[in-house]
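**Q** Handing you a structure now.
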Amino acid sequence: MPSRSACFFLFLSAIFGSWVIASGQKSNQPIKVAAFNIKGFGRAKMTNGVTAGYIQDIVGRYDIILIQEVRDTTGFALNRLWTGLNRTDSWGLTVSGLVGRTNYKEQYAFFYRTKKIKVTGSFQYDDKLNDLFEREPFAIEIEYNSAKRSSKSRVVLLALHTKPQDTIQELKSLPQAMRAVYGGFKRAKGIIALGDLNADCSYLSNAMKKQMEIFQSDGDFVSIIPDTEDTTVAAGTNCAYDRAIILGQDVKVSDAGPYRFDSELGLDVETAQTISDHYPIAFNLY
Ligand SMILES: *[C@@H]1O[C@H](CO)[C@@H](O)[C@H](O)[C@H]1NC(C)=O
């Protein structure tokens, strides 16, 4: 017969055992975040069943994903993707207005799983006074169950697709934009700029990179996609154009890198390039 204290211990471990399992299931999973420049994302891509299917499969790997180069003012392409995603889970969508100095405009779009993520705010960065960016950054604040804290956390995601020829100037302006936007979201523990920053190869030399505040290893910013990564689909290029930059010491991430959908899905180069010339970049957010 077990002693009285042994009974008590069994009772306690029963309670705590189930608590650990319950909270583990709820909050131990980090949020999967991605940013994908889907070249010229519009009607043509989403009416091609094969391409649309691949795009939906790639987007559906994540809990929240920023899509860049949305090129369809009718909203048809985004709606078709959204409808497809909704057949698998409940998805939300937050889209920026049209950005771009000329008649060529793009939109930023965030798809996210509504069971895991709540969008608690959004902000369109305005640079009318000094015109720093071709496509002004668009930010959303998200709330999610933090795997590290086992409580709710808020983080700001700031979308940016730089103009290749101006990327040096735009990336020099990024710290001030990130600080300003972060300052507007008092409950967020940090801000993550993400997207196609054209931050490599002919657009940004290694010497230039060394001068950039976002790439200093001892400053306020942490760049989580290594310079050695290749975020381009073409075999002849090896460039880490797509990046994610963190401001805020409490932001914890892991497993940052590109998703090579061509080799992962067994696609030849031609098929892969009908999807995009960029790989998505992704990371786990805790
Ligand atoms: C997708 O699902 C969400 C949440 O259930 C809903 O609000 C939205 O209207 C749906 N979108 C489409 C295009 O059906």
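Going from the start of the chain as shown, residues are counted 1 onward.
The backbone N, Cα and C atoms fix where each Cβ goes, glycine too.
Note that this is a predicted model, so its numbers are computed, not measured.
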**Q** TrEMBL pairs Cys201 with one of Cys7, Cys239 in a disulfide bond, so which one is it?
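**A** According to the record, the bonded cysteine is Cys239.
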**Q** By Cβ count within 10 Å, point out the most packed of the disulfide-bonded residues listed: Cys201, Cys239.
**A** Cys239
**Q** Could you check what DSSP calls Cys239 (disulfide bond) once collapsed to helix, strand or coil?
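**A** Assignment for Cys239 (disulfide bond) reads coil.
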**Q** Suppose you look only at the domain 'Endonuclease/exonuclease/phosphatase' (35-205); what would the mean pLDDT be?
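**A** Value for the domain 'Endonuclease/exonuclease/phosphatase' (35-205), mean pLDDT as a whole number: 97.
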**Q** To the nearest Å, how far is the Cα of His161 (active site) from the Cα of Glu106 (active site)?
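**A** Just about 9 Å between their Cα atoms.
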